[in-house]
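Annotated domain 'F-box' per TrEMBL: 69-115, in sequence order. According to TrEMBL, the feature compositional bias 'Basic and acidic residues' maps to 145-154. Taken from TrEMBL, the feature region 'Disordered' covers 145-206. TrEMBL lists 240-279, 280-319, 320-359, 359-400, 459-481, 482-521 with the feature repeat 'WD'.
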């Protein structure tokens, strides 16, 4: 009840009294209103001493409403944003139901941007939830804008936070012009709102422009639904059929899927329709590794070669020769390509200066190579049961991780912020890391110049000893050993939230990266699962049965 409502009710009650009583009460109110503050307090004290208990109870109830203040609406917006940012999602949604003003503040992009920062791709220390990574790039781009709005400051003109994405999208679309089907699919995936801002745009106009984009509350809601589907095992699956033999390697993005097979071919598929777009032919032996980006696809084969393709046209651009035996692994970042071979070596190929280099140290097949460009290091896994970490500047082995008792098939460097009960789950008895040269057992294995770089915090490895191991890169210790498969692990993919594995036992398993717990097991393949791939809302597996299966955890439209 507002002050005006209370005054009207009081006047109505007063009119019901006799004229003399009305005049007497009005006279008391007039004296009280004209009295200074000190006398008002004295008058109230006298009245209270003469009140009986029912009257005191009435005063108590009336005061409860009178002293209630809508502090969120009263405070400046920047302070209201600050207060609301401490709420969890449930409380924030309840706050939005209090009033229209509260809803406007509780639904503001400033508050939900902060909520996304706490949850997307990281574990929230308040609620324990993590949400899959999707909008982390936009999260970084709009962080400064949200900070300024939270402080109640105006923003000067500047480019739209989506400009960089839009430029990349336009380039991607122009590259697809020679393929109508891919153009249609990619336009659907890459479409972004395009708005520009003018000089002197105030906070209110900025908020309006942001609503024409995706609201951060909507992004959080969608990410929450995706994570709920991962946790509850709700997904839709699609099967890709077409290879004449088993699939050995797989990758996908928002538009296409690429698979390599024992039948010597690489196939490009439409992600949505599962239709085969084209087949890349040229290798003379099985294709063991592949990777693609917007402009090229590189494949490695047991015919000792790597091939660079224009995957949109199916044209082989270049064939790289140098390995003395089959190529079983590859990875590229930027202009650097690394490949691992049956000949036990790792070759580095630089696309800019055309130079090559060889890393020697393994004594058996090099099954996986992963470049970590932030630290200028490379990780490799081998049939010699070890994983090695290399400095790409000096081209020397920094560290050798030992602990597996079977051929190591995969290694993935990760950046993970926190773990549950990490100390209690430390697996010190099995698995250790040794430096390439002698050093004290308790000393960090990389020197200060390397330590200053953005080193990965952890590493996951999978081996034919049926286990997956999680390592602390800084100390070289094996933190966790994941048990569950009954036969060797062939495929491994992971991000900071979860890992998926495929094994000879025909099982596809989903693991919590932090706790090491198996969350779900799938058995849709007939035969061994040889390769896997993972994104924020999808995962794929390829099997010896020649089929690739897509599992989509996005909520139904």
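Positions of Cβ are set from backbone N, Cα and C atoms, glycine also.
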Check: Per DSSP, how many helix, strand and coil residues does the repeat 'WD' (280-319) have?
Finding: 0 helix, 23 strand, 17 coil
Margin query: As a quick check of your reading of DSSP, tell me how many residues in the domain 'F-box' (69-115) are helical, how many are strand and how many are coil.
Written below: 33 helix, 0 strand, 14 coil
Note to self: Averaged over the repeat 'WD' (240-279), what pLDDT does the predicted model reach?
What the structure shows: 97
